Amino acid sequence: MATKFPSFSQGLAQDPTTRRIWYGIATAHDFESHDGMTEEQLYQKLFSTHFGHLAIIGLWVAGNLFHIAWQGNFEQWVLDPLHTRPIAHAIWDPHFGQGLTDALTQAGATSPVNIAYSGLYHWWYTIGMRTNEQLFQGAIFINILVCWLLFAGWLHLQPKYRPSLAWFKNAESQLNHHLAVLFGFSSIAWTGHLIHVAIPESRGIHVGWENWLTVMPHPEGLTPFFSGNWGAYAQNPDSIDAVFGTSQGAGTAIFTFLGGLHPQSESLWLTDIAHHHLAIGVVFIIAGHMYRTNFGIGHSLKEIIEAHNTSHPKDPHRGYFGIKHNGLFETVNNSLHFQLGLALASLGVACSLVAQHMGALPSYAFIARDYTTQSALYTHHQYIAMFLMVGAFSHGAIFFVRDYDPELNKDNVLARILSTKEALISHLSWVTMLLGFHTLGIYVHNDVVVAFGTPEKQILIEPVFAQFAQAASGKMMYGFNALLANASSSASIAANSMPGNHYWMDMINRPDALTNFLPIGPADFLVHHAIALGLHTTALILIKGALDARGTKLIPDKKDLGFAFPCDGPGRGGTCDSSSWDATYLAMFWALNTIAWITFYWHWKHLAIWMGNTAQFNESGTYLMGWFRDYLWLNSSQLINGYNPFGVNALSPWAWMFLFGHLIWATGFMFLISWRGYWQELIETLVWAHQRTPIANLVGWRDKPVALSIVQARLVGLTHFTVGNFVTFGAFVIASTSGKFG
């Protein structure tokens, strides 16, 4: 007899309804809930999935390399990066008529192609790649790596090669390995690639497999390193007249501290980037030798954490603050959800920083002038950051439900956070209301006075504190005599005393979008507070969901109901919308709105600067109708014209995505508004009709069709809302930017 899906749960496998399928899919990756799962098996399975995950990433990277090498125009783009549109891949579609075929035959191609807005061309060019052959070689190498990773994943599931539970819980060895080997060595290795391959290529010197052992990165070789004369590596940097990819203006330095941008490529100096990776690598390798493992030297994490308490005889607070950190080492080390929450939060912050820095400190040659790519990458990384951050709180809540031990954490900082949750949640609630009422109040006031023809009556507040922070970093335009904006300050004197040329002040005072601190005014002040409202409300919902995960006054035994439950059951009034999963679900809507506001702001401000029309954002951004009319509507018009009575144009695929994204988004509401009763009745009506229709009733089914649970229907609704949201906005960003700048 064939085993029914899911094999990991006999209870579900015997369910006679379609619940078996949907619950099976929903819990396929919840290894903890599977039949017969031990803690050791759980760790081993997760460890093997890491190799599979890396293999999928590798296939994706190899696919990009292969398709661009095969169908792209990398070699043509390299010859003129500023005026050649990069091709992502060809499009073959039998439905295309001649009009669309002609419209999408672009960028010098002879058949329909997609334009690349990924920044991959800029990245590969910057790191020294110049030919399709090199891209093919990269794809082949990564595919070999993928095969090795898949084998490693399989191998570590075999009894002989499964790591033990003690190995997984050896925190010090794990830290040393991740810090020194994964982060440290990989940073040093990347430094090696930059100085051996990328920097020479940027100076017109080709380094390949045939000569990389004979072309020295620096004329003096390793002599300065071993003699301690490290400064030699910073002498003779590229001049400000340097032309990227040629010997014109090229120097010999490999590690510099120039600051600012290479004037011609308008990206960070490659020698600065190499210096950064070298320093990061050294720091991580030192950090990777800090923790006590084989030789009994170094720090014990448990000792460090437990020293963070107020039992020290010289501590003035001794005996007042409790035992603070006792029990935290075991709590974190024994909870995968706690560890995952920390990792997701860290990666979420890093990803949001990447979004900001790709615009403010562009590291790839000529990418700053590819406005559509810059817009797409900012949006892409902020959306990813949002998902990671929401996931961090979700797994924090699961930790409180599944892994938290009240006895182990008695009276420590974790227990105290739980015991003061009412104060934390109510203060966050107060902050969100203050932000919301004041920000919306000012926006609406401004809308009203503008509508009545008296724009001079708007409430316009200059962001003086932010302007002061910019001035302290060197921005002169505001007239603050602070730190780097004051030539006689100690900061300026120290900066000017550094030997050699430095270009930070040139960059921060540029008049265009390549200044790393854009000029800000009242429109920025308002949208900043609107975004702060969104962030605080998202945080409020998520923090409340996590801190209330174990129980509340309304449902004191909530931890026994699990992370995701629809209502608290009969006999108690059936309180709904109260599980930690519901908090995640509700927070996602706020998170999506907030990310939309963040990306709206970044995109509109940059569009205005790129088009030389900064007044549009500065004047229209102070009231809501300005945002709706001069950003959303004005930039949607090109999308809506992708198809028109005169035929189609190259924006038509984005126009189609824009419309279809709205449809997906709206479909979400069907699941969010209609609950189980409606769907169950609809299903039973369809079943009744099917069973009474000749020919159709020859086809039957084993599982009795039942409606999705409330939690599942919400997930389906949220998924449609989310996918529709970013399909719509992704198409909007790409089409509205590329429609203006190509």
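Note that Cβ sites are derived from N, Cα and C of the backbone, with glycine treated the same way.
Annotation comment: Swiss-Prot describes Cys567, Cys576 as [4Fe-4S] cluster binding site, evidence class sequence analysis. Note: Cys567 ([4Fe-4S] cluster binding site) has non-local neighbours Gly574, Thr575, Cys576, Ser578, Ile710, i.e. same-chain residues 6+ apart with C-beta under 8 A of its own C-beta.
The Cβ of His662 (divinyl chlorophyll a B1 binding site) lies under 8 Å from the Cβ of Gly724, Thr728, each of these being in the same chain and 6 or more residues away along the sequence. Residues or ranges marked as divinyl chlorophyll a B1 binding site in Swiss-Prot (evidence: sequence analysis): His662.
Reduced to three states, the DSSP call for Met670 (divinyl chlorophyll a B3 binding site) is helix. The Cβ neighbour count for Met670 (divinyl chlorophyll a B3 binding site), using a 10 Å radius and every protein chain shown, is 14. Look at Swiss-Prot and you will find Met670, Tyr678 tagged as divinyl chlorophyll a B3 binding site, backed by sequence analysis.
Reduced to three states, the DSSP call for Trp679 (phylloquinone binding site) is helix. What Swiss-Prot lists as phylloquinone binding site is Trp679, and the listing cites sequence analysis.
Residues 31, 86-89, 116, 118, 120-121, 132-133, 135-136, 138-139, 142-143, 145-146, 149-150, 152-154, 156-157, 163, 168, 336 of the same chain lie 6 or more positions beyond the ends of the transmembrane segment (46-69) yet place their CB under 8 Å from a CB of it. Marked as transmembrane segment by Swiss-Prot: 46-69 (among others).
Here Swiss-Prot flags 135-158 (among others) as transmembrane segment.
Residues or ranges marked as transmembrane segment in Swiss-Prot (evidence: sequence analysis): 175-199 (among others).
Residues or ranges marked as transmembrane segment in Swiss-Prot (evidence: sequence analysis): 273-291 (among others).
What Swiss-Prot lists as transmembrane segment is 336-359 (among others).
For 375-401 (among others), the entry in Swiss-Prot reads transmembrane segment.
Taken from Swiss-Prot, the feature transmembrane segment applies to 423-445 (among others), supported by sequence analysis.
The transmembrane segment annotation in Swiss-Prot covers 525-543 (among others) and rests on sequence analysis. Within the same chain, residues 390, 393-394, 424-425, 428-429, 431-432, 435-436, 438-439, 442-443, 461-463, 466, 583-584, 586-587, 590-591, 593-594, 597-598, 600-601, 621-622 sit at least 6 positions outside the transmembrane segment (525-543) and bring their C-beta atoms closer than 8 Å to a C-beta of that stretch.
Under the heading transmembrane segment, Swiss-Prot lists 583-604 (among others). Within the chain carrying the transmembrane segment (583-604), a Cβ under 8 angstroms from the stretch's Cβ atoms is held by residues 359, 375, 378-379, 382-383, 386, 389-390, 393-394, 397, 524, 527, 530-531, 534-535, 537-538, 541-542, 544-546, 548, 577, 617, 621, 627, 631-632, 714-715, 718, 721-722, 725, 729, 733, 736-737, all 6 or more beyond its ends.
Residues or ranges marked as transmembrane segment in Swiss-Prot: 651-673 (among others).
Beyond its flanks by at least six residues, the transmembrane segment (715-735) meets 26, 117, 372, 375-376, 379, 383, 585, 588-589, 592, 596, 599, 603, 635-636, 638-639, 642, 651, 654-655, 657-658, 660-672, 708 of its own chain at Cβ-Cβ distances under 8 Å. Look at Swiss-Prot and you will find 715-735 (among others) tagged as transmembrane segment.
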Ask   = 10 Å Cβ neighbour count around Cys576 ([4Fe-4S] cluster binding site)?
value = 13
Cβ-Cβ distance under 8 Å to Trp679 (phylloquinone binding site), same chain, at least six residues away = Ala707, Leu708, Ala713
Task = For the transmembrane segment (273-291), could you work out the same-chain residues 6 or more beyond its ends whose Cβ comes under 8 Å from its Cβ atoms?
result = 171-173, 175-181, 183-188, 190-191, 194-195, 198-199, 234, 254-257, 298-301, 363
Query = Does DSSP put His662 (divinyl chlorophyll a B1 binding site) in a helix, in a strand, or in coil?
reply = helix
All-chain count of other Cβ atoms within 10 Å of Tyr678 (divinyl chlorophyll a B3 binding site) = 13
